[in-house]
Amino acid sequence: MSSEKVSPSGDKVRDAQLLVENIEVAVAHGEISEAMVVAEGEERTTWFVWLLVACASISGLLFGYDTGVISGALVTIGGDLGPAELSSGQKELVTSATTLGALIGGLVAGMLSDFTGRRPVLALADIIFIGGAIGQAVCHTVWSMIGCRFLIGIAVGLASCIAPLYIQELSPTRLRGRMVVVNVVAITGGQVVAYGIDAAFENTRGGWRWMVGLGAVPSGLQFLFLLFLPESPRIMIRRGNSEAAQAIMAKIYAHATPEQLDLKVKSLAAAVKQSVEISNTTTLLQRIRLILFDGINRRALSESFPGLRTRMKRGSSLYAPFLVVACGMQAFQQLCGFNTLMYYSATLFKEIGFDQPTAVGLIISGTNFIFTLFALQYIDIIGRRRIMVWTAPGMIIGLVLASVAFHFLTRKTGGNLVDGTPYSHTWSAIVLLAMIFYVASYATGLGNVPWQQGELFGLEVRGIGTSLATTTNWAGNLLIGATYLSLMDRITPAGAFGFYAGLCLLGWLFCVCCFPETAGLSLEEVRLVFRHGFGIGESARLRREKRALRRGERVERDGDSGEAEKA
């Protein structure tokens with residue numbers, strides 16, 4: 001079914017009624033054309049949106065800060081927690097406790113936000129983060145440190161799931177990808193700040209306590225800012241508060257006419273109507289079953305292991321729930337091994353002979369930050385799929401080069417890194433260059449694209465879907481963080497980085513075969529992509545139709561302007 005065009009009749013009220021009727025009919029037939037309601041200045045970002053995104057992105061800053069700060073803390077704790085030096089196992093526990101907490105926080109975050117709204121969950125994350133940061137700063141035993149790291153992890157898991165979702169639901173369609181990347185910029189910026197603070201306190205007695213304790217400052221600021229931020233308009237409509245939703249939309253589309261704004265809200269309400277009915281007539285467990293067993297949501301949820309399929313009775317066509325797009329992209333982001341650099345970069349660079357390992361780690365985090373800014377500028381222009389297909393090979397090249405460099409670097413020590421060994425400066429420099437190239441490729445694509453996950457799900461299951469995808473991310477993070485040092489010992493650094501390169505190759509093949517383009521489609525339209533398999537062709541068709549409609553509208557507006565000038 002294709003939407004009817006509304007012909008101007010001279011009666012604006014009647015035209016508006018016809019347009020709303022067309023929207024409702026389109027929704028009923030599963031076809032949503034947001035192009036029917038284009039607001040003036042929709043392509044421009046208002047100060048309200050920038051301020052809102054900046055405040056919400058403090059969650060990303062906390063995420064990045066905690067990821068980066070532990071790298072410097074691990075090499076400066078010394079005997080402050082009891083043992084003269086932390087063992088590899090204790091370091092893995094300190095690191096992995098945060099990831100385990102984040103896995104749990106991410107699992108409950110989306111579902112909790114469906115009941116309370118997005119904003120209260122962010123506030124809860126801030127409170128937990130403040131407690132965990134102060135607890136780390138004053139602890140004196142390894143297990144108390146591990147407990148506080150676990151608490152911090154819960155906060156990070158809550159924030160990493162909800163911040164991108166909150167931003168997506170409050171951003172104009174044409175700028176949604178860019179706004180979510182602002183949160184990723186904050187993550188990388190937090191890592192840069194963390195490495196800078198690590199370097200500043202590296203030679204200070206007990207300096208690691210300042211490193212971890214200062215994380216309470218931005219979380220306290222965000223908690224105060226949240227008192228003045230609005231709830232998602234989709235959540236307000238879901239609660240039946242259309243007036244509040246319209247007031248929020250008026251700030252998002254500040255240049256729109258009152259008629260356009262009214263139609264925008266009505267089109268959103270029409271699109272959300274089915275989701276509201278499902279939410280009001282089902283339980284949480286029923287919606288979890290819906291996302292796992294409904295074909296469209298299922299394909300949007302899982303694809304960690306391409307090709308695996310469970311055959312069920314006729315008509316079900318059930319894919320295993322750990323298999324399609326959102327979870328697959330999040331698994332790829334973690335299994336590529338990037339976060340091992342964030343957690344252990346200072347340890348790694350110290351072992352290969354750099355005198356200032358924390359400062360060298362700052363180069364890595366700085367590269368991550370700079371190339372995330374590139375993604376901020378171009379993700380909505382180039383598109384999510386194309387950026388992934390182009391950048392993933394760069395990650396593979398960087399990891400293969402690092403593997404080769406480690407092979408030649410460690411030949412005289414039996415393939416393993418031995419602390420204190422005078423390694424070749426040339427091969428050490430090649431390792432650093434390979435890591436920079438790898439991180440640049442990661443930051444441009446894989447560091448950003450998986451966090452667009454919220455756009456893959458209908459509102460009725462968006463919280464559940466993002467929870468499951470975020471949990472996949474943290475499960476992969478836990479696996480990588482808990483096994484990295486052991487993997488380096490068992491199969492040598494050359495083998496470990498070669499192994500990560502192989503996983504990146506599998507991830508790239510997944511993107512080529514299964515990851516559709518979503519740039520330029522509304523949150524409601526993205527769901528339609530998955531009506532036909534993974535929807536790579538369907539998304540291309542929808543985007544072509546929207547571009548054609550917009551070109552037609554521009555031509556029509558230009559024609560009207562020309563006639564007005566002649567008159």
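Positions of Cβ are set from backbone N, Cα and C atoms, glycine also.
Marked as compositional bias 'Basic and acidic residues' by TrEMBL: 550-567.
The domain 'Major facilitator superfamily (MFS) profile' feature in TrEMBL is assigned to 52-519.
According to TrEMBL, the feature region 'Disordered' maps to 548-567.
Distant neighbours of the transmembrane segment (47-65): 122, 125, 129, 155-156, 159-160, 162-163, 166-167, 170-172, 175, 179, 182-194, 215, 218-219, 221-222, 225-226, 229-230, 251-252, 254; these residues of the same chain sit at least 6 beyond its ends, with a Cβ under 8 Å from one of its Cβ atoms. The transmembrane segment annotation in TrEMBL covers 47-65 (among others).
The transmembrane segment feature in TrEMBL is assigned to 93-112 (among others).
TrEMBL lists 121-143 (among others) with the feature transmembrane segment.
Here the transmembrane segment (149-167) has long-range neighbours at 52-53, 56-57, 59-60, 62-63, 66, 70, 94-95, 97-110, 112-113, 118-119, 121-122, 124-126, 128-129, 131-133, 135-136, 179-180, 182-183, 215, 219, 232, 451-454, 462-463, 466-467, 470, 473-474, meaning same-chain residues at least 6 beyond its ends whose C-beta is under 8 angstroms from one of its own. For 149-167 (among others), the entry in TrEMBL reads transmembrane segment.
As annotated by TrEMBL, transmembrane segment applies to 179-197 (among others).
According to TrEMBL, the feature transmembrane segment maps to 209-229 (among others).
Positions annotated as transmembrane segment by TrEMBL: 318-346 (among others).
Annotation source TrEMBL lists transmembrane segment at 358-376 (among others).
The transmembrane segment annotation in TrEMBL covers 388-409 (among others). Away from its own ends, the transmembrane segment (388-409) comes close to residues 336-337, 352, 415, 423-424, 427-428, 430-431, 433-442, 444-446, 449, 492-495, 497-498, 500-501, 504-505, 507-508, 511-512, 515 of its chain (Cβ-Cβ under 8 Å, at least six residues beyond either end).
The feature transmembrane segment is assigned by TrEMBL to 429-451 (among others).
A Cβ distance under 8 Å defines the sequence-distant neighbours of the transmembrane segment (463-485), meaning residues of its chain 6+ beyond its ends; these are 88, 91-92, 95-96, 99-100, 102-103, 106-114, 157, 160-162, 164-165, 284, 287-288, 291, 297, 300-302, 304, 322, 326-327, 329-331, 333-335, 337, 339-340, 343-344, 450, 453-454, 456-457, 496. TrEMBL lists 463-485 (among others) with the feature transmembrane segment.
Feature annotation from TrEMBL assigns transmembrane segment to 497-515 (among others).
The transmembrane segment (358-376) makes contact with the transmembrane segment (429-451), as judged by at least three Cβ pairs under 8 Å among residues 6 or more apart in sequence. Mean pLDDT for the domain 'Major facilitator superfamily (MFS) profile' (52-519) in this predicted model: 83. Non-local neighbours of the transmembrane segment (121-143) in the same chain are 56, 59, 62, 80-83, 86, 90, 93-94, 105, 109, 112-113, 149, 151-152, 154-156, 158-159, 162-163, 166, 209-210, 212-216, 219-220, 222-223, 226; each lies 6+ residues outside the stretch with a CB under 8 Å from one of its CB atoms.
Within the chain, the transmembrane segment (209-229) has long-range Cβ neighbours (under 8 A, six or more residues past its boundaries) at 52, 55-56, 58-59, 61-62, 65-66, 69-70, 72-73, 76, 80, 119, 122-123, 125-127, 129-130, 133-134, 136-138, 152, 155, 194, 197-198, 201.
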